[in-house]
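Taken from Swiss-Prot, the feature active site applies to H47, D92. According to Swiss-Prot, the Ca(2+) binding site annotation covers Y27, G29, G31, D48, on the basis of similarity to another entry. Swiss-Prot lists C11-C70, C26-C117, C28-C44, C43-C98, C50-C91, C59-C84, C77-C89 with the feature disulfide bond. Annotation source Swiss-Prot lists motif 'Coagulation factor Xa binding motif' at 52-69.
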Amino acid sequence: NLYQFKNMIHCTVPSRPWWHFADYGCYCGRGGKGTPVDDLDRCCQVHDNCYEKAGKMGCWPYFTLYKYKCSQGKLTCSGGNSKCGAAVCNCDLVAANCFAGARYIDANYNINFKKRCQ
């Protein structure tokens, strides 16, 4: 769920507050549209697509609880998750790891969505 995703982000990117990822580019935060502005925004586009796929499996990604572990910046999804829990955990884990490897460009935070995301 979104609370767990926030905690996963904190695990892989402890140096930056999670809310910096909630209004970034064209895909991080609100619904996505247009061309991603950079690699970090592409992480969010992939995450959106992953949640969409989980939704088509009958899951509710924003609310699905799952079990995971964070140890020294490394995430693992627990083996005992339900089908939906495993799917959503994997979506969030992949995104949090992607965030850790992508450059954060301050100019792409809180952009003019209507102008830049067509």
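A Cβ is built for glycine as well, from the same backbone N, Cα and C atoms used for every other residue.
Overlay of Swiss-Prot feature records on the structure.
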residue : record              : CB count, 10 Å
Y27     : Ca(2+) binding site : 24
G29     : Ca(2+) binding site : 16
C44     : disulfide bond      : 23
H47     : active site         : 23
D48     : Ca(2+) binding site : 17
C77     : disulfide bond      : 20
C84     : disulfide bond      : 19
C91     : disulfide bond      : 25
C98     : disulfide bond      : 17
C117    : disulfide bond      : 19
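Residue counts for the motif 'Coagulation factor Xa binding motif' (52-69) under DSSP, helix first, then strand, then coil, are 5 helix, 2 strand, 11 coil. In sequence order, C26, C28, R30, G32, K33, C44, Q45, H47 are the same-chain residues whose CB sits within 8 A of the CB centroid of Y27, G29, G31, D48, the residues recorded for Ca(2+) being left out. Of all the Cβ atoms in the protein chains shown, 24 others lie within 10 Å of the Cβ of C26 (disulfide bond). Candidates Y27, G29, D48, D92 (recorded positions) were compared with C117 (disulfide bond); those inside 10 Å Cα-Cα are Y27. Here C59 (disulfide bond) comes close to K83, C84, A87, V88: these same-chain residues lie at least six apart in sequence, with C-beta atoms under 8 angstroms from its C-beta. For the disulfide-bonded residues listed here (C11, C28, C43, C70, C89), the lowest count of other CB atoms within 10 A around the CB belongs to C70. The Cα of C44 (disulfide bond) lies closest to that of Y27, out of the recorded positions C26, Y27, G29, C50.
You'll find the Cα of C89 (disulfide bond) roughly 12 Å from the Cα of C70 (disulfide bond). Looking at D48 (Ca(2+) binding site) and C28 (disulfide bond), their Cα atoms lie 9 Å from each other. Of all the Cβ atoms in the protein chains shown, 18 others lie within 10 Å of the Cβ of C50 (disulfide bond). The Cβ neighbour count for G31 (Ca(2+) binding site), using a 10 Å radius and every protein chain shown, is 9. Long-range Cβ neighbours of D92 (active site) (same chain, at least 6 residues apart, Cβ-Cβ under 8 Å): Q4, F5, M8, H47, Y68.
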